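Presented below is the structure to which this report refers.
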Amino acid sequence: MNKTVKDLLQRKTFIFSIVVILFFALIALLAPVLTSYNNPYQVSQQFVAAPYAVPSWATIFPQYHGLPPNVKVELQPNEPISRFNTTFYKVTIPAGGEVNVTYNLLWNWSSPYNIDLSTTVVTPNTNDFQINLFVNEFNIMSFSPLPIPPQVFIAPGKANAIIFSSQEATSTNSPYVSSLPSQDAFLASIELPKTLLPRPGVYHIVLSFQNTGNKPETFLVSNLGYSSLGLTYGKLGTDDSGGSVFAEFVYGARFDLYLALIASALIIGIGLIVGLLAGYIGGFTDLVLNAFTDFFLLIPGLPLLIVLISILDLTGAIVNVNKAVIILLIISLLSWPGTAKIIRGQTLSLRNRTFVEASKALGEGKARILFRHIVPNLMGILFAQLSYDVPGVILAESGLDFLGLGITGFPTWGNMLGFATNNLSFVNGFAWWWVLPPGIGIILLSTAFYYFGSAMLDVLSPYKLRGE
């Protein structure tokens, strides 16, 4: 065993394969620790940042320099203003007067994807007032107990949430948008952030309280909340729905590895049983099993897989069954013949070896000979086939997902490639951070398993182990 391990460790390709396989295995095992998003395709886990946000580290490139991250801050009003309690500030407006409460926002980046503002105002029990919300000179919202569009209703004598969202601003709820030409108003949700926060600087957000009555009125106002989705996010950015690409990659690796290992184990199991029986028993059994194997070998695997999945989808046969289980079983049932052929050929060679003949002469049964003498000499082939089958299963499953026939409700590497390809454009920079990780992952993992299998096949060769 020490000689075997030493021989393996002398191979650079084997060491490379172990490093890569362990890397992806750790990613799969630690997925819940590495990210808090276990399914970025769910609506509740989308828009963690702006759609097509680039990775945070990509800002080292000139074209992404200055893009904003996720920003969420609470702004206090400027002095002079008196505090009412720990939550509110007190604002008293004289009869027929106006008082502005100003919040300063320090902005260090280029324009954001969106702008959300929120605060709470406790209004006096009268209809004689109006509140306007400004960002610099732009009157983005207006509130009144007796609203005239584009004013928005605000209840007198109550605590009211003052909320502005650039994505929901229209000519019916924003004075600034209503003043724009119709074609510009239609694009207001996209253009407003660029208009309000065009460049780095200090911006003044103002709540203007107007008292149209004939006596002083008192308002209570809280801190102002500002938030915007970042155009940079995390290790691998976001997809077209603002979902974390890193979470998709991690859970895609987890799913693909689990599926591939289980399917490969089934492929090896079926192929081993059929190949052993055909090769060792021989005769009519070999003829039947070999013909059965040849029949499956003639079937075009991926096209049949696509047809079967499509039929099962259309007929609703897999509505109440986990689709991953169906795909796993179909891939396994279509992929074992190659392994069976290899095992049969090696078994035919081994059954006439001297040590097998000696075991027969000593009266050992077929089962004992198979599992004590034949199978141990097949370990190199079994390890190699397992290693070759894993990337094959990953590629088959990824192919289905890429075509939209696989598991579309959960992130897999195939889904990532398929969805990214469908959304590639010059506008989003071809979303390289979305396309490259699954593509590189499939290439690295396939190469690593190939090198691993080749090394095991060579080192565990029965001839080499016996020094032949």
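A Cβ is built for glycine as well, from the same backbone N, Cα and C atoms used for every other residue.
Just so you know, TrEMBL annotations never went through curation; they're auto-generated.
According to TrEMBL, the domain 'ABC transmembrane type-1' annotation covers 253-453.
Outside the transmembrane segment (12-34), and at least 6 residues removed from its termini, the chain residues within Cβ reach (under 8 Å) are 246, 250-251, 253-254, 257-258, 441, 444-445, 447-452, 454-455. Taken from TrEMBL, the feature transmembrane segment applies to 12-34 (among others).
If you look up TrEMBL, you'll see 257-283 (among others) marked as transmembrane segment. For the transmembrane segment (257-283), the list of distant contacts is 24-25, 28, 289-290, 292-293, 324, 327-329, 331-333, 335-348, 351, 366, 369-370, 374-375, 378, 382, 385-386, 389-391, 393-394, 397, 445: same-chain residues at least six beyond its ends, Cβ to Cβ under 8 Å.
Under the heading transmembrane segment, TrEMBL lists 295-318 (among others).
The feature transmembrane segment is assigned by TrEMBL to 324-343 (among others). If one looks beyond the transmembrane segment (324-343) by at least 6 residues along the same chain, the residues whose Cβ comes under 8 Å of a Cβ in the stretch are 255, 259, 262-263, 266-268, 270-272, 274-276, 278-279, 289, 293-294, 296-297, 299, 301, 304-305, 308-309, 312, 318, 378, 381, 385, 389, 392-393, 396-397, 400, 406-407.
Summarising the annotation, TrEMBL assigns transmembrane segment to 369-388 (among others). Tertiary proximity for the transmembrane segment (369-388) is limited to same-chain residues at least six positions away from its ends with a CB under 8 Å from its CB atoms, namely 264-265, 267-268, 271-272, 276, 280, 339, 342-343, 346-347, 350-351, 355-356, 359-360, 449-450, 452-454, 456-462.
As annotated by TrEMBL, transmembrane segment applies to 431-452 (among others).
Counting only same-chain residues 6+ beyond the ends of the transmembrane segment (295-318), those with a CB under 8 A from a CB of the stretch are 326-327, 330-331, 334-338, 341, 396, 399-400, 403, 405-406.
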